[in-house]
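S.K.: This is the structure I have questions about; it appears just below.
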Amino acid sequence: MASNKISFSFVLCLYMCSLLDAKSMNPTGRRCPDPNGVEKKSMCYSSCKTQGFMGGSCQGHKGNYMCECYEG
């Protein structure tokens, strides 16, 4: 009986932690220039706002940067 309560508590804790990750990123597939830490033209932000997201930024690694939108 005690192990069931512990298992339930553990699963509940994991579920709550997943809900706290509200600012998940959504890759859009739109390429963007190398941001060097700052996206100067705000291309991704405005593109994501147009699609109904809360905002976005240019993310990735050298030679492969994509716009990623914030869902919430």
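Each residue, glycine too, has its Cβ placed from N, Cα and C.
Fair warning: this is a prediction, and the values are worked out from it, not measured in the lab.
This is the feature table in Swiss-Prot:
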type: SIGNAL; residues: 1-22; note: signal peptide
type: DISULFID; residues: C32-C58; note: disulfide bond
type: DISULFID; residues: C44-C67; note: disulfide bond
type: DISULFID; residues: C48-C69; note: disulfide bond
S.K.: Near C32 (disulfide bond), how many other Cβ atoms are within 10 Å of its Cβ?
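M.R.: Around the Cβ of C32 (disulfide bond), 20 other Cβ atoms lie within 10 Å.
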S.K.: Have a look at the disulfide-bonded residues (C44, C67, C69) and report the one with the fewest Cβ neighbours inside 10 Å.
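M.R.: If we count Cβ atoms within 10 Å for the disulfide-bonded residues C44, C67, C69, the smallest count is at C69.
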S.K.: Look up C48 (disulfide bond) in the DSSP assignment and report helix, strand or coil.
M.R.: helix
S.K.: Roughly how many Å separate the Cα of C48 (disulfide bond) from that of C67 (disulfide bond), to the nearest whole number?
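M.R.: That comes out at 8 Å between the alpha carbons.
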S.K.: Could you give the Cα-Cα distance between C69 (disulfide bond) and C32 (disulfide bond), in whole Å?
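M.R.: The Cα atom of C69 (disulfide bond) is 13 Å away from the Cα atom of C32 (disulfide bond).
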S.K.: Pop the Cα-Cα gap between C58 (disulfide bond) and C44 (disulfide bond) into the table, whole Å please.
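M.R.: Per the Cα atoms, C44 (disulfide bond) and C58 (disulfide bond) stand 6 Å apart.
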S.K.: Do me a favour and check the Cα-Cα span between C32 (disulfide bond) and C67 (disulfide bond); whole Å is fine.
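M.R.: Cα-Cα, rounded: 6 Å.
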S.K.: Can you tell me whether DSSP puts C32 (disulfide bond) in helix, strand or coil?
M.R.: coil
S.K.: Can you tell me how many other Cβ atoms are located within 10 Å of the Cβ belonging to C58 (disulfide bond)?
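M.R.: Result for C58 (disulfide bond): 24 other Cβ atoms within 10 Å.
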